[in-house]
């Protein structure tokens, strides 16, 4: 019994040590993150887990998303002007912004235009000294957002003015610059590493201007940050931020309940009710900026007829999918963009679940004894927690209207690659999570003619739709853009290249002592502005 | 003995070649490639993909890539991780101590409980105790590890709050890694309570990881003991009036241990290769999870380098077991 008492006292003391450490002397917030960052030079990567650990706490961008929204606010740039022709963006930089002082770097100057030029030129210019500074440097987000085609040059006008010259007008440009890959690094630190012959350290020991500075990383275990005392937007209320890497959702919840962490992402849907019932925990929820869809191949008969696609859309029971697959953490999708995004056209009516109508429409289109393939992704994604189950529900729905479905699947990389084929056999379950809150990031990427044979899995190229989204991309007036995107959604609904399935709801459990946490519609996890109640 | 040792070492050469070939080809045989996975739903153009493949040397003929890999291995260069951009060997050396520490604790636990339990079951053959031990061993052997780990966490960490949920040490301790073994580093740090914290974090994962080896060792010990207890020399020892403890401890156990040592050796090899489930449940930063994550990312160099290192360790452990076996049983050595 004594042994038990001693053991309990010792072990409990150790396990709750973090809470003790959050006393008067220093406030420590522990975040049970779901995975390890691949590195800390954000622009090298595409994964949200890496962004959470790098760009969000450590860096700033010229412009930032307002907390909890996709609205863009000044960041390292205090203001900006766009030229009449939409080809020049001139940014007036903030003065007095300090980079982190760490064990491995002491800045001798404040942030200036050189840092902005360095951060972008290394991604843009193939002959830049830092373009291939570490093996396999892909700059995949920068390339994926077509920045090399878009940006002609980045010019330092003076120490506190930078000009981006574009090859064509691009309305979402400002939103693009709020994205993770646009994080601004220290050119002075890079020069120090280059002189020391240790360039790769840029990815291991980061220096930024963000609300937290890097303290240390024990691989696959713990990342430590300290508050940036000279942060331009004011020092954070918490002194230390710790990411305790905890891959399993059930274990994350146990740690949260035991007080070993304060915030956790991605709870298992089955645990939501339990979390809601726990008075020590708070559960935040928000609609994810995503869409899950079934993309027909509009280049292959009989799916080249919109009547057939429309008929099949009427055969899908979305409520059954929400119940079986999302278990309360999803909402039916009627448009290709989520309801939280500006320009969402709520006036559009969804194709209701009506198997009889579907049968009639198929007969009218001259389609009988139709057999087709439905591709089910092999992985869990925010917009589709269980594609196999979803495919099974669709299989049963289609069987009801006389359509025979064969479910096929491939390894994830193979799935992504094969589903791009223009002559692909079958309809593909896939989805998308927004990058920058701009409708162009959904409509042009997923449904534009340029995406055929690539990210446009429906292989759908409609002249009316294309004209609308191209026009919307070229004008900067938001009201006008909204109108154009609303019209584009009407065309989409009439043509039905996809069956829009669902938007997910994202949950975020945390200790009820945590205050000021705001969920990010883009799916990131931010800890600036967060505090712990005493 | 030297000839025996040289013979065993000679066998390592073809094994090494086989392992490099398997490790190299295994990851390339899987469909999908790292760039498709990196690009995700957005996709990547064929031109851009070709450019990046060339940058990473994946456009060379396979035989040339293999030769580059083997030459690199001889120079201690296992390549660079596509994800972290760090040398594979550095990553392995960072993570392996965590796996080794957990594996050693688990195997010590399994041996310390498994062998006495097996002996006891053999001596009391057919008794309730024997049935209970063997029944428990069977349950342990059949236990789904993920479920078992979670159950222990909920009971001991959640309800009773005796142990921490996961990790290697409380987050309040932050000291530089010297050996990578948390028990040693926590002692070296001189920080009060650090060692106790490290021990407390090892308790549940060690129990979970020891469960299957413990069951295997207990069952192996029992059957080996039963075989030996029926031998003539044991009967002779009993007949000449030796006390039961001496008969079992001196005569029977020494011979029964020979196959048990082989089993322990194999189990050590398995545990050192990383325990993916235990490492995942307990957020244990070891090589098992690292390797599985790398396979899913098609991080070629990590997979082929990591597999080679693990195979090397298993070969080394097997060599040690072979040598021990030869020392214990001269017949093996001379054959």
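Each Cβ is built from the backbone N, Cα and C atoms, and glycine gets one as well.
Caution: TrEMBL annotation is automatic and unverified by curators.
Looking at B:6-27, B:28-49, the range tied to transmembrane segment in TrEMBL is B:6-27.
Feature annotation (TrEMBL): of B:102-123, B:168-189, B:234-255, the stretch labelled transmembrane segment is B:102-123.
Across B:6-27, B:102-123, B:256-282, stretch B:102-123 shows the highest tally of CB pairs under 8 A with the transmembrane segment (B:194-217). Residues of the same chain lying 6 or more positions beyond the ends of the transmembrane segment (B:302-328) and with a Cβ under 8 Å from any Cβ of it are 1, 4-5, 8-9, 12, 15-16, 19-20, 22-24, 26-27, 69, 73, 78-79, 81-83, 88-89, 91-92, 96, 254, 257-258, 261-262, 264-266, 268-269, 272-274, 287, 290-291, 294-295. Cβ atoms under 8 Å from those of the transmembrane segment (B:102-123) belong to residues 129-130, 133-134, 137, 202, 205-207, 209-210, 213-226, 229, 248, 253, 260, 264, 267-268, 271-272, 275, 278-279, 284, 286 of the same chain, restricted to positions at least 6 beyond its ends. Outside the transmembrane segment (B:256-282), and at least 6 residues removed from its termini, the chain residues within Cβ reach (under 8 Å) are 99-100, 102-103, 106-107, 110-111, 115, 118, 145-146, 149-150, 153, 166-167, 204-205, 208-209, 213, 216-217, 220-221, 224-225, 227-228, 288-292, 310, 313-314, 317-318, 320-321, 324-325, 328-329.
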